[in-house]
Amino acid sequence: MAAATPTETPAPEGSGLGMDARLDQETAQWLRWDQNPLTSESVKQLIAGGNKEELRKCFGARMEFGTAGLRAPMGAGISRMNDLTIIQTTQGFCRYLEKQFSDLKQRGVVISFDARAHPASGGSSRRFARLAATAFITQGVPVYLFSDITPTPFVPYTVSHLKLCAGIMITASHNPKQDNGYKVYWDNGAQIISPHDRGISQAIEENLEPWPQAWEESLVDSSPLLHNPSASIGNDYFEDLKKYCFHRTVNKESKVKFVHTSVHGVGHEFVQLAFKAFDLAPPEAVPQQKDPDPEFPTVKYPNPEEGKGVLTLSFALADKIKAKIVLANDPDADRLAVAEKQDSGEWRVFSGNELGALLGWWLFTSWKEKNQDQSNLKDTYMLSSTVSSKILRAIALKEGFHFEETLTGFKWMGNRAQQLGDQGKTVLFAFEEAIGYMCCPFVLDKDGVSAAVICAELASFLATKNLSLSQQLNAIYVEYGYHITTASYFICHDQGTIQNLFGNLRNYDGKNNYPKMCGKFEISAIRDLTTGYDDSQPDKKAVLPTSKSSQMITFTFANGGVATMRTSGTEPKIKYYAELCAPPGNSDPEHLKKELDELVGAIEEHFFQPQKYNLQPKAE
């Protein structure tokens, strides 16, 4: 999305860059509007030094506001997260909300933030949240601004709980330390979906000039429109969470030891409180990682999904105190990774799909014990995204509840869960393979705090039966059928290459012909959610919503395998997800793993063609 063309202004004196006129205009306008001395000074220096390349990076194109909001590095310019772009974004969002809600000035919005900061540009999540609050308050809109850092799920919880019009969370979740983001929730408590992203985007373009009091963030401290929900929401959230504690007596007596890491993010205090709410002894926190630190000094990437590299300190502490289970939240505590020490002495990090199987089984089992009336099953649902394991489908088929698949991302599951709730249905659980879990539908998004404590209760309960998480997972696969999954990605920074790669798959054996084989593996069905084609449907049209702006093709194979190739919405990656599903009974998991490895090898060789497209494999 190109930046709105500003009014004609002469280039800053002495720029002498001979830059294209638009860049001159953008930088001149920036210097008129930006009141942050660090970012405005850095732009002046780039102009004085004639650093055209860096100026193009900063001013080439405005950050695109999508359904995930914004995510970009912090720094100067319209392509970065900084004071001015936060002001502009919030002004647009405010105007859009005014059009959508006649009672915006009665209901208001909630804003919270994580612990990120970027001293070089003076940007931080806290400051961005205060500037966003200022924009709404100057327009007479009540703002519920948390006084300190919170997990991301507290924002959708507050929207639903206080019946607000919208929520904003300033976070870049598990991205590298230089990034920040702006995540938006609608009045139903779920992340926005189209067409709201386009409407907000347009409103941002129409409201680029800072309003008269935009920079006066001290306004928020004295405004009667400002409310601090920290104490009441914290209290209410943990009261609601207690309803999902099924074995309080077991918890009180549990001898299972847990290690928890918040990976320098916001999770520590909240997970401690969650354990207290469940009457579990508090988990042992990794001391080097428990306090928020925007530098993330002990990890290369603050992403627990990366596995053992992020968990090294957790394993060391667990070995020291003889704990068998590690719980790891990402920095904004909306996701959860779990590892368990095996009898061999090795640590097993569960994949998102494996933990989805365990939590899904547990929440259904616990619900069934409380609801003896089996007629309720027809109104009971679980959800997962289309690239996640189909294990919940297998459990649903055998147990008699409903399973639904959505597009990738919790925005789809949150909105679907809300629709089902409105129809009087019960949504027990939703998950995605990227270690995101919705265990309690009072938050219509992934929540790593509730997932951590529910996982701890599950482990404590299993311990009374002398079972480990790994043993229970195996029992689930024996009962409902083995579901062996794998996922990886290739890095590709060039959009043209990505278009060519997917274009080749759509014209594999001549124009408009998808592949019929992948190496030795026969393809039985193809669904392309970029074009809306699905040859398993009678009319060849896909049932799930399609999006021309992202690439996504799913191949079903004659051997029961399913593989999806898709582009990432937030990173320069082409991802793939593959699964082999076997019917219930004692299948041979080793044989299935071998067959899945062969299938993935064929997909990499024939469909990705990394040499031809110069793709960079995932670093092991």
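Glycine residues also receive a Cβ, built from the backbone N, Cα and C atoms like all the rest.
As the structure is a computational prediction, the values presented were derived from the model and not from experiment.
According to Swiss-Prot, the protein carries these features:
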ACT_SITE  SER173  active site, phosphoserine intermediate
BINDING   ARG71, SER173, ASP334, ARG335, THR408, GLU432, LYS446  alpha-D-glucose 1,6-bisphosphate binding site
BINDING   SER173, ASP330, ASP332, ASP334  Mg(2+) binding site
MOD_RES   SER173  phosphoserine
Other than SER173, ASP330, ASP332, ASP334, which residues of the chain come within 8 Å of the Mg(2+) site, judged by Cβ distance to the Cβ centroid of those residues? ASP114, PRO151, THR152, THR171, HIS174, GLY265, ASN329, PRO331, ALA333, ARG335, GLY448
Rounded to the nearest Å, what's the C-alpha distance separating ASP332 (Mg(2+) binding site) and THR408 (alpha-D-glucose 1,6-bisphosphate binding site)? Just drop the number here, would you? 20
Across all chains shown, how many C-beta atoms besides its own are within 10 angstroms of the C-beta of ASP334 (alpha-D-glucose 1,6-bisphosphate binding site)? 33
Filter the binding-site residues ASP330, ASP334, ARG335, THR408, GLU432, LYS446 down to the ones within 10 angstroms of the residue listed as 'active site, phosphoserine intermediate', Cα to Cα, kept in sequence order. ASP330, ASP334, ARG335
Near GLU432 (alpha-D-glucose 1,6-bisphosphate binding site), which residues of its chain come within a Cβ-Cβ distance under 8 Å, counting only those 6 or more away in sequence? GLY352, GLY356, SER384, SER385, VAL387, SER388, THR408, GLY409, PHE410, MET413, LYS446
Using Cβ atoms only, which residues of the same chain lie under 8 Å from ARG71 (alpha-D-glucose 1,6-bisphosphate binding site) while being at least 6 residues apart in sequence? ALA172, ASN175, ASP179, ASN180, GLY181, TYR182, THR570
Across all protein chains in the structure, which of the binding-site residues ASP330, ASP332 has the highest Cβ count within 10 Å? ASP332
For SER173 (active site, phosphoserine intermediate), what is the tally of other C-beta atoms lying within 10 angstroms of its C-beta? 24
DSSP secondary structure for GLU432 (alpha-D-glucose 1,6-bisphosphate binding site), reduced to helix/strand/coil, please. strand
Once near-sequence residues are set aside, which residues in the chain of ARG335 (alpha-D-glucose 1,6-bisphosphate binding site), 6 or more away, have Cβ atoms under 8 Å from its Cβ? SER173, HIS174, PRO304, GLU305, ASN329, ALA434, ILE435, GLY436, TYR437, LYS446, GLY448
